[in-house]
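**Q** My questions all concern the structure below.
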Amino acid sequence: MTARKSLDRYRRIVIKIGSALLVDRKTGLKKAWLDGMCADIAALKAKGVDVLVVSSGAIALGRSVLDLPSGALKLEESQAAAAVGQISLARAWSESLSHDDIVAGQILLTLGDTEERRRYLNARATINQLLKIGAVPIINENDTVATSEIRYGDNDRLAARVATMTGADLLILLSDIDGLYTAPPHLDPDAKFLETIADITPEIEAMAGGAASELSRGGMRTKIDAGKIATGAGCAMIIASGKTDRPLNAIANGARSSWFAPSGTPVTARKTWIAGQLQPAGELHVDEGAVTALGAGKSLLPAGVRKVTGHFGRGDTIAVIGPSGREIARGLVGYDAEEARQITGRKSAEIEAILGYAGRAAMVHRDDLVMTASVKTKAEKLKKDEAHA
């Protein structure tokens, strides 16, 4: 497992900041806190670290300015609040960063900007150019146009996608939560804090709770989802509290935080994009033999598929689900949904007779597939069993 290191030893860091840290329901923007945050960013940049910020707060700022009532907002109310709040948020970041002669550049992304390959590459090029000229990209979801069906819905996963998109080696999620516990600490007094997470297992996923504040859409569940995206692409992740005046400085000085180790397996840029897709068009449920084959780096053949769900076309991203119900991989499927159902469980040699044309031997070719969960081969399982015998 890769060892944890000091913040200034990382090359590129993405910092996600929750709404509750930036905005007070009664008084609005927390200017003093933001100034401290920007001082931390300036200190990292002075040591040669690229810094990107995924900043929540537009809707929270907008509803404060518009004096909207507490409670859940309708979609159109959220979009109106975002339209007002985005102006205030961008201005606030620009002013605070200017104290250290740093230029801010605002980027508003939609889900399609990271899900569609061409737009993904264009967004990445824009962000990289901002970093090249020494600016700090301030990124948020474009809540003024995003719909409830086509959106990230939280900035934790958006931040993870930005981290993978830009090749960052550390993602920091700052909120009112100081890290991962074995159970929600406000509900379970015996909950234990986890300082280091080597791998996001089903047990780790089960520890996630829900959102605790109406100012924030994300909870521990979305942070774990973000961790799977980031660590799977070789990017470490830290979950820490941002309640202190200088949160990054606090982390550097040993403040409590949970560190998620990056995957030791490097992936290509294309596979990083595939793995980070937030909305797979469908699912291929596979048997244990297919799980073993995929873990050994082989393609997914129709014979190993047991069930097909969803509506998708050839080339769409699908999730591969193992017998336990856990996602183990994602890939670009070689057949549309109807064809995939017809050849499910059949040998590749039978494809032409079933479909009427000689298609690909693989349902998902290994070059178009990336593992999203660790899978042990039979030899590794046997070795582990022998060690415990």
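The chain as shown is numbered from 1 upward.
Cβ atoms here come from the backbone N, Cα and C positions, even for glycine.
Summarising the annotation, Swiss-Prot assigns ATP binding site to LYS16, SER175, ASP176 and lists sequence analysis as the type of evidence. For SER56, ASP143, ASN155, the entry in Swiss-Prot reads substrate binding site, with the evidence type sequence analysis. Sequence annotations record features per position, and here Swiss-Prot assigns domain 'PUA' to 281-358.
How about a rundown of where these features are and what they're close to?
**A** Secondary structure at SER175 (ATP binding site), taken from DSSP and collapsed to helix, strand or coil, is strand. Its Cβ placed at the centre, SER175 (ATP binding site) has 27 other Cβ atoms within 10 Å.
Each residue in the domain 'PUA' (281-358) has a pLDDT score, and their mean in this model is 94.
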**Q** How many Å lie between the Cα of ASP176 (ATP binding site) and the Cα of SER56 (substrate binding site)?
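**A** Rounded to a whole number, the Cα-Cα distance is 13 Å.
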**Q** Could you measure between LYS16 (ATP binding site) and ASP143 (substrate binding site) for me? Cα positions, answer in whole angstrom.
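**A** Just about 16 Å between their Cα atoms.
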**Q** Validating a neighbour-count step here. Other CB atoms within 10 A of the CB of ASP143 (substrate binding site): how many?
**A** 23
**Q** Measure from the CA atom of SER175 (ATP binding site) to the CA atom of SER56 (substrate binding site) and give the result in Å, rounded to a whole number.
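**A** With the alpha carbons as reference points, the distance is 10 Å.
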**Q** Would you mind pulling the longest C-alpha to C-alpha span across SER56, ASP143, ASN155, which the record has binding substrate, in angstrom?
**A** 11
**Q** Counting all other Cβ atoms within 10 Å across every protein chain shown, which of the binding-site residues SER56, ASN155 scores highest?
**A** SER56
**Q** Select one residue from LYS16, ASP176: among these binding-site residues, choose the one with the most other Cβ atoms within 10 Å of its Cβ.
**A** LYS16
